[in-house]
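According to TrEMBL, the protein has these features:
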- A:12-31: transmembrane segment (TRANSMEM)
- A:37-57: transmembrane segment (TRANSMEM)
- A:77-95: transmembrane segment (TRANSMEM)
- A:115-131: transmembrane segment (TRANSMEM)
- A:143-161: transmembrane segment (TRANSMEM)
- A:181-204: transmembrane segment (TRANSMEM)
- A:216-241: transmembrane segment (TRANSMEM)
- A:269-294: transmembrane segment (TRANSMEM)
- A:306-325: transmembrane segment (TRANSMEM)
- A:340-362: transmembrane segment (TRANSMEM)
Amino acid sequence: MEKAKISAIQLFALMFIFDLGTALIVSYGVTAGKDDWLSILLGMSGGIILFFIYYPVYRKYPDLPLTSYIGEIFGKYIGWIFGFLYCISFLYIAARNVRDFGDLLSSSTLTETPLLVIHTSFVLVICYVLYQGIEVLGRTAEIFLFVLILLGIIGNFFVLVSGDITFQQIRPPLEHGWGPIITTAFPTITTFPFGEMFAFMMLMPYLNKTKLVKKTWLSALICSGLILSWTAFLNMTVLGLDVMERSTFPTLATIGKVSLFDFIERLDAIVVLTLLLTVFFKAAIFLYSAVIGIVDLFKLKNHQQIILPVGIILIFTSMTIASSFSEHLEEGFDASIKFVHIPFFIIIPFLMLVISFIRNYIKKRSNAK
Amino acid sequence: MNSAWDRLVKKSRRPYKTVQHVEETEIMSNNKGIHSSLDENIEQIKDSFGNSGDLIIRSFRMGKPFSHKVASIYINGLTDKEILGTFIIERLMKDVNLSENDDPFSPSQLTTYIKEHILSITNVRDVPDWNKLFLSLLSGETIVLVDGWNHGFACAAQGGDLRAISEPTTESSVRGPKDSFTESLISNTAMIRRRIKSPNLWLETMELGKITQTGVGIMYMKGIVNDKLLTEVKERLSKIKVDEVQGSNTIEEWISDNIWTPWPTIFTTERPDVVAGNLLEGRVVIFVNETPTPLILPATWNQFFQTAEDYYLRWSMSSFLRLLRIFSFLITLLGPSLFIAFLSFHPELIPTPFLINLASQRQSVPFPIVIEALLMEFTFEVLREAGIRMPRPVGQAVSIVGALVLGEAAVSAGIVSSAMVIVVAATAIASFTIPHYAMTDAVRLLRFCMMILSSLLGLYGIGLGLIILVAHTCSIRSFGIPYLAPFSPFILADQKDSILRLPLPFLSERPRLINQLKTKRIEDSQTSSPENDNMKNQDSKKDSYEK
């Protein structure tokens, strides 16, 4: 394990950017219809509930990454297998993120550039930053947090003054009752993007003040949830349900509609840059979690030696994960949620909580005897 | 397998471990004692210096019985001849009655007598061996040798021609003091002493460079500076074992944390007020003899965008200027690469009328936009270098050639578009607003990297380049201080004096460097609001008079 430490602000920046990653740009809550902003808020509360499933387990092992204490909870061998599966799932989600980004870029701005070039350059930069360690990643996130806030302010300002917003688009609220909102919020939005924060269980031991975990985690979750909900709200008011359902990158479409004085128009660069930064950190955190998991499970000396090999695996996974973008998206909303997100970010953590409670109980009883 | 990689990394990270081995030079290794015979000594000195023409040996006899052979030795040009003549040679040659009882002094009595009664000079030291003798001689001191005594005197009569204190050339200021450092270490440190009249201002001197024996002074404020930083600085300085130390850059390159970076990690200045301010913030300053730019460390990125003038202007203006500088830093770094990215990758993002305008300009340009941009930037760099290296009278020709031939003619010949000329010119002007030369240089180089990235991948390439740049900048440290200090790690208290400069009464704390001893610099009793109660009362009194 690295000796480096990150501060609470840095962890906040990482978590905040992590939550916005891809979710800010791709369309994910449309099944809730016009009320997707509401289902995002509900999903956020689901994320808060998930945190209280993760937190007690973390409190028992504040100095260990997930892959170390999962063995203590499930037993040595089963725990090792679960830990390894976690590493693979982190890598898989990282590959999905890279693919999301690569597809957006090749479909919107870099139409001529091959996907492999985009993925390779992106992953190599991630590898460079991770090679420098978690401290540098945290500090870089701190700087880019300000850049993102600035981009967000500029983007929001232009959308708001452009006059494209029609509130008619989101009325009436609860058109089809609470049913679709709740089914979208649980489990889809709860797991993506909020449940994915489980990856931070690998990074928690690097926090310099363990007491601040709860505060940081919850504030990052709530801030990002509110911003995602606000963005979904804006998108819906600008684009309307019909366009929202068909577009894969609604935020890009929203910004694209801005036109002021016939001069300020096509502000796609803001969205692309936002996506680049957020996905960069998201993929980097997943890759880092996978890498330090592997280091921990295979008892390697340091993470730097396997960054590049794992990065190359990531490049090829992201290329071969789906044959086309629509296939990739379909996998994302169906298979990925069912077979990766729900089992790994809800069921196994819940099992861990229950088992560690039972173990505690048994221990206490045997101690009492 | 991995250890080889590790070694490679380690090698690149700690460059100063591979110390240059120097053969012992004959002059400095002579650690033997001085002979007692004057003639032998003179012979030895002449031999060692190869009978150099600027070595002046004046031998004479002194005292009433004229029995004592004495010689004064100095290097021509390093000595103040007036002092030497009046206070050393004249005093020695005067008819001093040394033998009242017709009993000549023994050499040791004589030397004590000379030291205590004759040499009316401010500083006289004994030099016991050749090493010290040569060093003092070469530092401009005058050596007095007496026959029969195996020591010598080193008399402080340094002089010679030095440059006078002049106005700063690269960091000028409108309201601030107009003095700048010179090549003399002592006059530089004196300029600081005049500004900080505190016994806590400590100066440690040493000689570096096996052959050059360059004087180096470490200055700091005892009680504010962190001792760990100080020991680290001294340790790194002591590791410099090279033949020559030519100016402060030699030291900078040997002691800086990371030399594989475009950024300057040690701050240099030629202004005494900047040095004084930095000393009071708890930084360490290294003066090097014969260099008018001392080193200030640790340095942060932020520092290179601040000037002394910021503290002599009103806070609102200096905050604005700082923002302006950061903005022009971004223009310098990204201007041409954004132009390339937009024109060759994302023309759809440019408003249509503007795009048509640009396209019509480029109609006759034969090159792709990247080549055009690189060509123009390269030409500009050539012009800039030519302007600096040319003899001053010819300098005007360069600007005429640059402005008319390369600018105007190239556009009308259709080799470059005028938009490109504007971009390059804007970049150049913006680069001049960055106050510190080292930072300008860094950006000049990084600009080319950004241009290449943007020509390969467009805006995405620029984004990747920025991520790499920021991550790299976050990874470096200057003597333990993160280089991007007040921004990342984020320190709220230091934001008052980083991108903005709030009014001085708000700057109650020194910038946080690692574990400084004293962080408060304004006494608690001083209210942080500049409004004074007495003044208010006066105002109200005035009002009542008027009524």
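Just so you know, glycine gets a Cβ as well, placed from its N, Cα and C.
Using the rule of three or more Cβ pairs under 8 Å, pairs at least 6 apart in sequence, the transmembrane segment (A:181-204) is in contact with the transmembrane segment (A:12-31). Fewer than three CB pairs closer than 8 A are found between the transmembrane segment (A:269-294) and the transmembrane segment (A:37-57), and contact between the two stretches is not assigned (pairs 6 or more residues apart).
Beyond the ends of the transmembrane segment (A:216-241), by six or more residues, the same chain brings 8, 11-12, 15-16, 19-20, 23-24, 29-30, 33-34, 36-38, 40-41, 43-44, 47-48, 51, 55, 152, 156, 159, 164-167, 169-170, 193-194, 197, 200, 207, 247, 250-251, 253-254, 257 to within a C-beta distance below 8 angstroms of the stretch. Counting Cβ pairs under 8 Å to the transmembrane segment (A:37-57), the stretch among A:12-31, A:77-95, A:306-325, A:340-362 with the most such contacts is A:340-362. Here the transmembrane segment (A:306-325) has Cβ contacts under 8 Å with residues 91-92, 94-96, 98-99, 102-103, 107, 115-116, 119-120, 123-124, 126-127, 130-131, 248, 283, 287, 290-291, 294-295, 300, 331 of the same chain, all six or more residues outside its ends.
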